[in-house]
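Comments concern the structure below.
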Amino acid sequence: MPAMRGLLAPQNTFLDTIATRFDGTHSNFVLGNAQVAGLFPVVYCSDGFCDLTGFSRAEVMQRGCACSFLYGPDTSELVRQQIRKALDEHKEFKAELILYRKSGLPFWCLLDVIPIKNEKGEVALFLVSHKDISETKNRGGPDNWKERGGGRRRYGRAGSKGFNANRRRSRAVLYHLSGHLQKQPKGKHKLNKGVFGEKPNLPEYKVAAIRKSPFILLHCGALRATWDGFILLATLYVAVTVPYSVCVSTAREPSAARGPPSVCDLAVEVLFILDIVLNFRTTFVSKSGQVVFAPKSICLHYVTTWFLLDVIAALPFDLLHAFKVNVYVGAHLLKTVRLLRLLRLLPRLDRYSQYSAVVLTLLMAVFALLAHWVACVWFYIGQQEIENSESELPEIGWLQELARRLETPYYLVSRSPDGGNSSGQSENCSSSGGGSEANGTGLELLGGPSLRSAYITSLYFALSSLTSVGFGNVSANTDTEKIFSICTMLIGALMHAVVFGNVTAIIQRMYARRFLYHSRTRDLRDYIRIHRIPKPLKQRMLEYFQATWAVNNGIDTTELLQSLPDELRADIAMHLHKEVLQLPLFEAASRGCLRALSLALRPAFCTPGEYLIHQGDALQALYFVCSGSMEVLKGGTVLAILGKGDLIGCELPQREQVVKANADVKGLTYCVLQCLQLAGLHESLALYPEFAPRFSRGLRGELSYNLGAGGVSAEVDTSSLSGDNTLMSTLEEKETDGEQGHTISPAPADEPSSPLLSPGCTSSSSAAKLLSPRRTAPRPRLGGRGRPSRAGVLKPEAGPSAHPRTLDGLQLPPMPWNVPPDLSPRVVDGIEDGCGSDQHKFSFRVGQSGPECSSSPSPGTESGLLTVPLVPSEARNTDTLDKLRQAVTELSEQVLQMREGLQSLRQAVQLILVPQGEGQCPRVSGEGPCPATASGLLQPLRVDTGASSYCLQPPAGSVLSGTWPHPRPGHPPPLMAPWPWGPPASQSSPWPRATALWTSTSDSEPPGSGDLCSEPSTPASPPPPEEGARTGTPAPVSQAEATSTGEPPPGSGGRALPWDPHSLEMVLIGCHGPGSVQWTQEEGTGV
């Protein structure tokens, strides 16, 4: 398995630090969120606190960290206020008070509130520790329970206040002195810290940076990699020179001293000594995959692993010889121990084994090194055969055979007294070291091949034996040589398979797991390179892959267990997930139920900074934290901190329900989790229904944090849409580009009906509500359901006639006060700014009076009324309620602006429509003078529809309360002001019964298309449509046409309607019929 780099991602180890540092007396603590002012909810609760108070973790979470649920009648009110003040001011506080367990038993508690800051220096958490000091208080007698809190007033006696206060003060002093005396054996330095007021360092709630000394080397850093390269070269040098110097040495006497060492030998020994020093300052990877930076742990780990081997390999034989210390050949053989350093190179070289060229190079180097060792041994065997031969001149060894072929035979000479020889052939291998004594006869063996020829011949034999069976030119003759040749051939067969057969099945089986790791790593790197993944995301991907590989070693357990039978697979799953199945939540489950649940459990892994669950995600599993710590966030606020043994998720929903997460869950450290899939959980509970109620009840108490609170989407209830008076709720969405989300569909051109009914039609109640600007509408109901249409509008299932449709949003531009008002009425509906033909506007047309329009059309798509989009099912959540409140507020502001604009418009019209005296009124054809004061009255009403303009035409002969003169002979009747202001049409038809027409001046509309009466029969002809449209002068209508409709004469009685000054609509006067309304004059205006 390749050496891992270790997990170097920065982690938030706050929870682990608290658990290890605050043990013993400080293990009973809770953590409160200091960012939620006023409540300071508990985000973590230790097991010791639960054991002390009797409350479970689920009962303590999200309560106030002041732990007011532990208060009782004897709890001091003053201490309560001081605790609250310390929390509000983010200050440290310590006090003694009486608290009560869940069972009701009181106990004395030493409470300590410690604020904890984050990386920004802000107080993020409160550490509230609780220490039970009841035993200390009980030593003073039973009256000590009554000295504080409510008992102080309950049992106090008059005149004893000073005595009780002194006694309490003395006991407090004794208690603190006893505490200091107990701490004295721990060391004087701690006492000095207490005297000078130095406080213990508290951990901060932040991502812990990698803190290491500058003298600590990272095992995978560039500096350490460079140093390892030098050590690799030195080790290879030792692997080559040590066997050669031991086997090819020509020293014959044990007392002979070695020659001076070379510079390379001295440099290698210095490097080995320095490597020992650096190994004491180099990080390592622990069994859990974490990188250890502590110097003490590093030293302990090195001493127990490679220290002894490195010390033996670094014995300075050459340095001792350099300092004139006599080192013999026997001691020099200990240098062969340095070859064991090659074992240390294997893990370091294994990280490069994923590259084929590197693997081939390393294998060839190993093969050549092995051949060098075999050659050295083969040379040593041949020389020993010559020295130990019984004859004076042995001739059966491979060295004698080589000497005869090279014509450099061996010969014997007598040893001289000074140890020299008379031949002087120092270049031969037998004479280079001074020769050797033959059989102890005083003769010395000299001659033979040179040392270079002998080594090359040995290396040739070694390679031929390792790669094949040899060629026979260099063969084994003696028994010793034959035995070594056999061993060499066996080693050669194995090495041949390893080196030259690495693509075969044997090599693949040997490196199957390694190849799988490298192939997946290579695929991952190729994917990153092809898709140009950014560097931070690339690092996260590699970290996650390496961390998960370290956990499961690349084994796909799901695929592996699929081939096993269900019975065996269930037993294996119960063994793997026994930590989760031993929770109290599953105590009542039968063995069969546990086996079914174990098959639904899946392992999961989360790295630091990774989000396990995002807010709004559909919850699909329950998660049990096996190791590590996580935090629950919502809008950057920490809601809970989860550690080992915590269960997160939601309450058991129905199968059809989808639960959305109400917060984010992020890993602080490397976390190993077990997730229970909700789908598998439902299937298991369906098989064992007797366990389902117990599991549902127990799950509420076991959840450390409920992620599904308020996140269940309810089913649709369409029965709420059946009422006639039910209005659909609308939601105004704010678009960033400023475009309207919904528009109003116009009425089709071939429809006889329109949103504004003709005078002959009877308005329905729903249409009247839509037409009145100040209608009183019921409060819209949330959660309306319907079928969505393609236009983004939900059609109610109860039918189109059941619900009137309104605008999606109403927006009014502000009206400036310093410019003349536009007296032409406009329909302000929030979409009037669009002037293209694709924008839908209101269509005001007067339909044909008659029985065919006696009833108003139902509000729907065909009638052209406004469409109300239905709110989707998620409108019941909190976000939708906030948006709806905002939309209602904005709509109210726009309605107020519209009311102010209408009042200004009404005042301006009242100033224009004042009573006029007798005067000449111009004809429609434009002949004759016209008073300037009448120009404003002659302007027709214009309604902007985006397509064509419409003008209002009064009937001929109608007068305005007798103020206008009667028509003279030969002249057309004068034009009257056709519009006063009256009550809204919500109490009656939209327009009184009159013969006025809405006629279009557009060229595209044929003449008379919008008229209800025939063409005028008087000699005076109206101006052409183009002139009328340009000048804005309405066409005249004859008296005959006015009376041909069968309308009663003006002045007939009618019912009066209530006046609404805030709701103004345009109506026609002067042509009252029997069924029309008799309008009353307003005092002071003549209208």
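Any Cβ shown, glycine's included, is placed from N, Cα and C.
Taken from Swiss-Prot, the feature compositional bias 'Basic and acidic residues' covers 137-150.
Positions annotated as compositional bias 'Basic residues' by Swiss-Prot: 776-788.
Taken from Swiss-Prot, the feature N-linked glycosylation site applies to Asn421 (among others), supported by sequence analysis.
Taken from Swiss-Prot, the feature N-linked glycosylation site covers Asn428 (among others).
Residues annotated as N-linked glycosylation site in Swiss-Prot, with sequence analysis given as evidence: Asn439 (among others).
Per Swiss-Prot, the feature motif 'Selectivity filter' maps to 468-473. Within the chain, the motif 'Selectivity filter' (468-473) has long-range Cβ neighbours (under 8 A, six or more residues past its boundaries) at 461, 485, 489, 492.
Positions annotated as topological domain 'Cytoplasmic' by Swiss-Prot: 1-228 (among others).
According to Swiss-Prot, the topological domain 'Extracellular' annotation covers 250-259 (among others), on the basis of sequence analysis.
Swiss-Prot lists 281-302 (among others) with the feature topological domain 'Cytoplasmic'.
According to Swiss-Prot, the feature topological domain 'Extracellular' maps to 324-331 (among others), an assignment based on sequence analysis.
Summarising the annotation, Swiss-Prot assigns topological domain 'Cytoplasmic' to 353-361 (among others) and lists sequence analysis as the type of evidence.
Residues annotated as topological domain 'Extracellular' in Swiss-Prot: 383-456 (among others).
Taken from Swiss-Prot, the feature topological domain 'Extracellular' covers 478-482 (among others), and the record attributes it to sequence analysis. Under 8 Å from some Cβ of the topological domain 'Extracellular' (478-482) lie the Cβ atoms of residues 378, 381-382, 384-385, 396-398, all in the same chain and six or more residues away from its ends.
Mean pLDDT for the topological domain 'Cytoplasmic' (504-1087) in this predicted model: 60. Annotation source Swiss-Prot lists topological domain 'Cytoplasmic' at 504-1087 (among others), citing sequence analysis.
Long-range Cβ contacts of the transmembrane segment (229-249) within its own chain (Cβ-Cβ under 8 Å, at least 6 residues beyond either end) map to 264-265, 267-268, 271-272, 275, 313, 329, 332-333, 335-336, 338-339, 341-342, 345, 348-349, 365, 369, 372-373, 376-377, 379-380, 433, 451, 455. What Swiss-Prot lists as transmembrane segment is 229-249 (among others).
Outside the transmembrane segment (260-280) by six or more residues, the chain places 217, 224, 227, 230-231, 234, 237-238, 241, 295, 298-299, 302, 306-307, 310-311, 313-314, 316-319, 321-322, 338, 341 with a CB less than 8 A from a CB of the stretch. Residues or ranges marked as transmembrane segment in Swiss-Prot: 260-280 (among others).
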Six or more residues beyond either end and a Cβ under 8 Å away: which residues meet both conditions relative to the transmembrane segment (362-382)?
236, 239-240, 243-244, 246-248, 349, 352-353, 397-399, 454-455, 458-459, 461-463, 465-466, 480-481, 484, 488, 491, 495, 498-499, 502
Tertiary contacts of the transmembrane segment (483-503), as residues 6+ beyond its ends and Cβ separation under 8 Å:
359-360, 363-364, 366-367, 370, 374, 377-378, 381, 462, 465-470, 476
For the motif 'Selectivity filter' (468-473), DSSP counts of helix, strand and coil?
0 helix, 0 strand, 6 coil
